[in-house]
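Q: Mind looking over this structure? Questions follow.
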Amino acid sequence: MVKKTSGRGQRDLKVKVKTARGRKLSSTRWLERQLNDPYVAAARRDGYRGRAAYKIIDLDDKYRFLVPGARVVDLGCAPGGWCQVAVKRVNALGEKSGKAVGRIIGLDLQEMEPIAGCELHQLDFMEDDADLKVKDWLGGRADVVMSDMAASASGHKQTDHMRIMALCEAAAELAFDVLEPGGTFVAKVLAGGAEGTLQRLLKQRFKKVANVKPGASRADSSEKFVVATGFRGRDEA
(Lines of atoms letter the chains of each structure in order from A and count residues from 1; the text may use other names and numbers.)
(Lines give C-alpha, C1' and ligand atoms only; values in the text may rest on other atoms or scores of the structure.)
Protein backbone atom coordinates (compact mmCIF):
# COMPACT_ATOMS: atom_id res chain seq x y z
CA MET A 1 0.00 0.00 0.00
CA VAL A 2 1.23 3.49 -0.85
CA LYS A 3 0.79 6.01 1.96
CA LYS A 4 0.20 9.68 1.21
CA THR A 5 0.86 12.47 3.67
CA SER A 6 -1.74 15.20 3.99
CA GLY A 7 -2.33 18.62 5.46
CA ARG A 8 0.57 20.56 6.93
CA GLY A 9 2.93 17.58 6.77
CA GLN A 10 2.46 17.24 3.04
CA ARG A 11 3.14 20.92 2.39
CA ASP A 12 6.25 20.94 4.55
CA LEU A 13 7.73 17.89 2.81
CA LYS A 14 7.12 19.04 -0.74
CA VAL A 15 10.26 19.39 -2.87
CA LYS A 16 10.70 22.55 -4.93
CA VAL A 17 12.94 22.51 -8.01
CA LYS A 18 14.58 25.68 -9.26
CA THR A 19 14.43 26.30 -12.99
CA ALA A 20 17.99 25.85 -14.22
CA ARG A 21 19.37 27.74 -17.18
CA GLY A 22 18.31 25.95 -20.36
CA ARG A 23 15.59 23.93 -18.63
CA LYS A 24 12.02 24.58 -19.71
CA LEU A 25 9.38 25.40 -17.10
CA SER A 26 7.44 22.29 -18.17
CA SER A 27 10.51 20.14 -17.47
CA THR A 28 10.90 21.71 -14.05
CA ARG A 29 7.25 21.03 -13.22
CA TRP A 30 7.60 17.41 -14.38
CA LEU A 31 10.68 16.96 -12.19
CA GLU A 32 8.89 18.48 -9.19
CA ARG A 33 5.93 16.17 -9.73
CA GLN A 34 8.21 13.13 -9.90
CA LEU A 35 10.09 14.09 -6.75
CA ASN A 36 6.84 14.60 -4.82
CA ASP A 37 4.95 11.57 -6.18
CA PRO A 38 4.43 8.90 -3.48
CA TYR A 39 4.12 6.19 -6.14
CA VAL A 40 7.48 7.09 -7.66
CA ALA A 41 9.03 6.84 -4.19
CA ALA A 42 7.22 3.55 -3.53
CA ALA A 43 8.45 2.08 -6.83
CA ARG A 44 12.04 2.82 -5.85
CA ARG A 45 11.45 1.32 -2.41
CA ASP A 46 9.71 -1.81 -3.69
CA GLY A 47 12.05 -2.41 -6.64
CA TYR A 48 9.54 -1.79 -9.42
CA ARG A 49 10.63 -0.26 -12.71
CA GLY A 50 8.00 2.46 -12.59
CA ARG A 51 4.97 3.86 -10.76
CA ALA A 52 2.66 2.10 -13.25
CA ALA A 53 3.16 -1.09 -11.26
CA TYR A 54 0.71 0.23 -8.67
CA LYS A 55 -1.99 0.65 -11.32
CA ILE A 56 -2.06 -3.06 -12.10
CA ILE A 57 -1.81 -3.81 -8.37
CA ASP A 58 -4.92 -1.65 -7.78
CA LEU A 59 -6.79 -3.33 -10.63
CA ASP A 60 -5.85 -6.86 -9.61
CA ASP A 61 -6.70 -6.21 -5.97
CA LYS A 62 -10.22 -5.43 -7.16
CA TYR A 63 -10.75 -7.99 -9.93
CA ARG A 64 -8.36 -10.84 -8.96
CA PHE A 65 -7.24 -11.97 -12.41
CA LEU A 66 -3.52 -12.46 -11.66
CA VAL A 67 -3.92 -15.71 -9.76
CA PRO A 68 -1.30 -18.43 -9.18
CA GLY A 69 -0.98 -20.55 -12.32
CA ALA A 70 -2.36 -17.91 -14.70
CA ARG A 71 -0.79 -17.47 -18.14
CA VAL A 72 -0.36 -13.78 -18.89
CA VAL A 73 0.54 -11.72 -21.95
CA ASP A 74 1.70 -8.13 -21.36
CA LEU A 75 1.57 -6.02 -24.54
CA GLY A 76 3.92 -3.04 -24.85
CA CYS A 77 5.43 -4.17 -21.58
CA ALA A 78 8.42 -1.79 -21.31
CA PRO A 79 9.80 -0.81 -18.87
CA GLY A 80 8.42 -3.89 -17.14
CA GLY A 81 6.61 -2.86 -13.97
CA TRP A 82 3.43 -4.74 -14.87
CA CYS A 83 5.45 -7.87 -15.65
CA GLN A 84 7.18 -7.62 -12.27
CA VAL A 85 3.83 -7.51 -10.48
CA ALA A 86 2.46 -10.39 -12.55
CA VAL A 87 5.51 -12.56 -11.82
CA LYS A 88 4.79 -12.32 -8.09
CA ARG A 89 1.04 -12.75 -8.29
CA VAL A 90 0.85 -15.69 -10.70
CA ASN A 91 3.74 -17.43 -8.91
CA ALA A 92 5.90 -17.52 -12.04
CA LEU A 93 9.02 -18.28 -9.98
CA GLY A 94 7.30 -20.99 -7.96
CA GLU A 95 8.02 -19.24 -4.68
CA LYS A 96 4.55 -19.94 -3.25
CA SER A 97 4.75 -23.53 -2.09
CA GLY A 98 1.74 -25.63 -3.00
CA LYS A 99 0.44 -23.05 -5.50
CA ALA A 100 0.25 -23.46 -9.28
CA VAL A 101 3.08 -21.84 -11.25
CA GLY A 102 2.08 -19.25 -13.85
CA ARG A 103 3.77 -17.95 -16.99
CA ILE A 104 4.38 -14.41 -18.21
CA ILE A 105 5.09 -13.38 -21.81
CA GLY A 106 6.09 -9.73 -22.30
CA LEU A 107 6.05 -8.16 -25.77
CA ASP A 108 7.55 -4.84 -26.77
CA LEU A 109 9.07 -3.14 -29.81
CA GLN A 110 12.20 -2.30 -27.85
CA GLU A 111 14.74 -4.56 -26.23
CA MET A 112 14.42 -4.78 -22.46
CA GLU A 113 16.51 -5.74 -19.49
CA PRO A 114 15.59 -9.28 -18.34
CA ILE A 115 12.96 -9.83 -15.65
CA ALA A 116 13.24 -13.00 -13.58
CA GLY A 117 10.22 -15.21 -14.18
CA CYS A 118 9.13 -13.37 -17.34
CA GLU A 119 9.82 -14.37 -20.94
CA LEU A 120 10.44 -11.20 -22.95
CA HIS A 121 10.14 -10.96 -26.73
CA GLN A 122 10.95 -8.05 -29.03
CA LEU A 123 7.89 -8.22 -31.25
CA ASP A 124 5.24 -6.03 -32.87
CA PHE A 125 2.00 -7.57 -31.61
CA MET A 126 0.25 -6.29 -34.76
CA GLU A 127 2.18 -8.72 -36.97
CA ASP A 128 -0.12 -11.19 -38.74
CA ASP A 129 1.30 -14.23 -36.97
CA ALA A 130 1.75 -12.64 -33.53
CA ASP A 131 -1.11 -14.68 -32.07
CA LEU A 132 0.46 -17.94 -33.27
CA LYS A 133 3.82 -16.98 -31.77
CA VAL A 134 2.23 -16.06 -28.44
CA LYS A 135 0.33 -19.34 -28.18
CA ASP A 136 3.48 -21.25 -29.12
CA TRP A 137 5.53 -19.46 -26.45
CA LEU A 138 2.82 -20.00 -23.83
CA GLY A 139 2.20 -23.58 -24.82
CA GLY A 140 -1.49 -22.80 -25.18
CA ARG A 141 -3.90 -19.94 -24.66
CA ALA A 142 -3.62 -17.06 -22.20
CA ASP A 143 -5.77 -16.39 -19.16
CA VAL A 144 -4.96 -12.67 -19.17
CA VAL A 145 -3.98 -10.17 -21.86
CA MET A 146 -3.06 -6.77 -20.45
CA SER A 147 -1.78 -3.52 -21.89
CA ASP A 148 -0.54 -0.25 -20.43
CA MET A 149 0.46 0.99 -23.88
CA ALA A 150 0.21 4.58 -25.05
CA ALA A 151 1.30 6.06 -28.37
CA SER A 152 3.93 8.79 -28.32
CA ALA A 153 2.28 12.04 -27.22
CA SER A 154 1.65 14.50 -30.05
CA GLY A 155 0.63 17.43 -27.85
CA HIS A 156 -2.86 17.32 -29.37
CA LYS A 157 -5.35 15.66 -26.99
CA GLN A 158 -7.78 14.36 -29.61
CA THR A 159 -4.98 12.93 -31.75
CA ASP A 160 -3.49 11.19 -28.72
CA HIS A 161 -6.92 9.85 -27.81
CA MET A 162 -7.50 8.41 -31.28
CA ARG A 163 -4.05 6.83 -31.33
CA ILE A 164 -4.43 5.07 -28.01
CA MET A 165 -7.92 3.86 -28.91
CA ALA A 166 -6.52 2.35 -32.12
CA LEU A 167 -3.87 0.59 -30.03
CA CYS A 168 -6.53 -0.70 -27.62
CA GLU A 169 -8.68 -2.06 -30.41
CA ALA A 170 -5.67 -3.82 -31.95
CA ALA A 171 -4.76 -5.25 -28.53
CA ALA A 172 -8.34 -6.46 -28.10
CA GLU A 173 -8.23 -8.24 -31.45
CA LEU A 174 -5.08 -10.08 -30.39
CA ALA A 175 -6.75 -10.94 -27.08
CA PHE A 176 -9.69 -12.48 -28.96
CA ASP A 177 -7.22 -14.75 -30.77
CA VAL A 178 -5.17 -15.89 -27.77
CA LEU A 179 -7.46 -15.82 -24.71
CA GLU A 180 -8.86 -18.90 -23.05
CA PRO A 181 -12.66 -18.82 -22.56
CA GLY A 182 -13.27 -17.11 -19.22
CA GLY A 183 -10.14 -14.98 -19.67
CA THR A 184 -9.55 -11.31 -18.87
CA PHE A 185 -8.49 -8.31 -20.96
CA VAL A 186 -7.11 -5.15 -19.33
CA ALA A 187 -6.08 -2.05 -21.25
CA LYS A 188 -5.39 1.64 -20.76
CA VAL A 189 -7.60 4.15 -22.58
CA LEU A 190 -7.76 7.94 -22.65
CA ALA A 191 -11.12 9.65 -22.30
CA GLY A 192 -12.02 11.62 -25.40
CA GLY A 193 -15.25 10.42 -26.98
CA ALA A 194 -14.14 7.52 -29.18
CA GLU A 195 -14.34 4.81 -26.52
CA GLY A 196 -17.73 3.57 -27.74
CA THR A 197 -16.35 1.32 -30.48
CA LEU A 198 -14.07 -0.52 -28.07
CA GLN A 199 -16.83 -0.81 -25.46
CA ARG A 200 -19.23 -2.36 -27.98
CA LEU A 201 -16.54 -4.73 -29.21
CA LEU A 202 -15.71 -5.92 -25.70
CA LYS A 203 -19.32 -6.29 -24.58
CA GLN A 204 -19.88 -8.71 -27.45
CA ARG A 205 -16.97 -10.89 -26.34
CA PHE A 206 -16.94 -10.64 -22.54
CA LYS A 207 -19.53 -11.17 -19.84
CA LYS A 208 -18.58 -8.04 -17.89
CA VAL A 209 -16.83 -4.81 -18.92
CA ALA A 210 -15.83 -2.17 -16.36
CA ASN A 211 -14.07 1.17 -16.62
CA VAL A 212 -11.79 1.99 -13.71
CA LYS A 213 -9.43 4.79 -12.70
CA PRO A 214 -6.90 3.25 -10.29
CA GLY A 215 -5.70 5.22 -7.31
CA ALA A 216 -2.22 5.29 -8.84
CA SER A 217 -3.44 7.19 -11.92
CA ARG A 218 -2.67 10.88 -11.66
CA ALA A 219 -5.66 13.03 -10.74
CA ASP A 220 -5.13 15.32 -13.74
CA SER A 221 -4.81 12.44 -16.22
CA SER A 222 -7.64 11.42 -18.55
CA GLU A 223 -6.48 7.81 -18.45
CA LYS A 224 -8.64 5.00 -17.21
CA PHE A 225 -8.54 1.25 -17.64
CA VAL A 226 -11.03 -1.09 -19.20
CA VAL A 227 -11.28 -4.45 -17.42
CA ALA A 228 -13.17 -7.08 -19.42
CA THR A 229 -13.78 -10.40 -17.68
CA GLY A 230 -15.38 -13.69 -18.67
CA PHE A 231 -14.23 -14.03 -22.29
CA ARG A 232 -16.92 -15.81 -24.29
CA GLY A 233 -14.61 -17.04 -27.05
CA ARG A 234 -14.60 -15.92 -30.67
CA ASP A 235 -17.13 -18.49 -31.81
CA GLU A 236 -19.62 -17.78 -29.03
CA ALA A 237 -19.90 -13.99 -29.50
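Counting begins at 1 with the first residue displayed.
Here the Cβ of each residue, glycine as well, is placed from N, Cα and C on the backbone.
For reference, Swiss-Prot lists these features for the protein:
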type: BINDING; residues: Gly80, Trp82, Asp108, Asp124, Asp148; note: S-adenosyl-L-methionine binding site
type: ACT_SITE; residues: Lys188; note: active site, proton acceptor
Q: Which ones, of the binding-site residues Gly80, Trp82, Asp124, Asp148, have a Cα no more than 10 Å from the Cα of the residue listed as 'active site, proton acceptor'?
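A: So the list is Asp148.
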Q: Just checking, which of Gly80, Asp108, Asp124, Asp148, Lys188 (recorded positions) has the fewest C-beta atoms within 10 Å of its C-beta?
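A: Candidates: the recorded positions Gly80, Asp108, Asp124, Asp148, Lys188. Fewest Cβ atoms within 10 Å: Asp124.
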Q: Based on the record's binding annotation for S-adenosyl-L-methionine (Gly80, Trp82, Asp108, Asp124, Asp148), what whole-number value in Å is the widest Cα to Cα distance?
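A: About 18 Å separates the two most distant Cα atoms.
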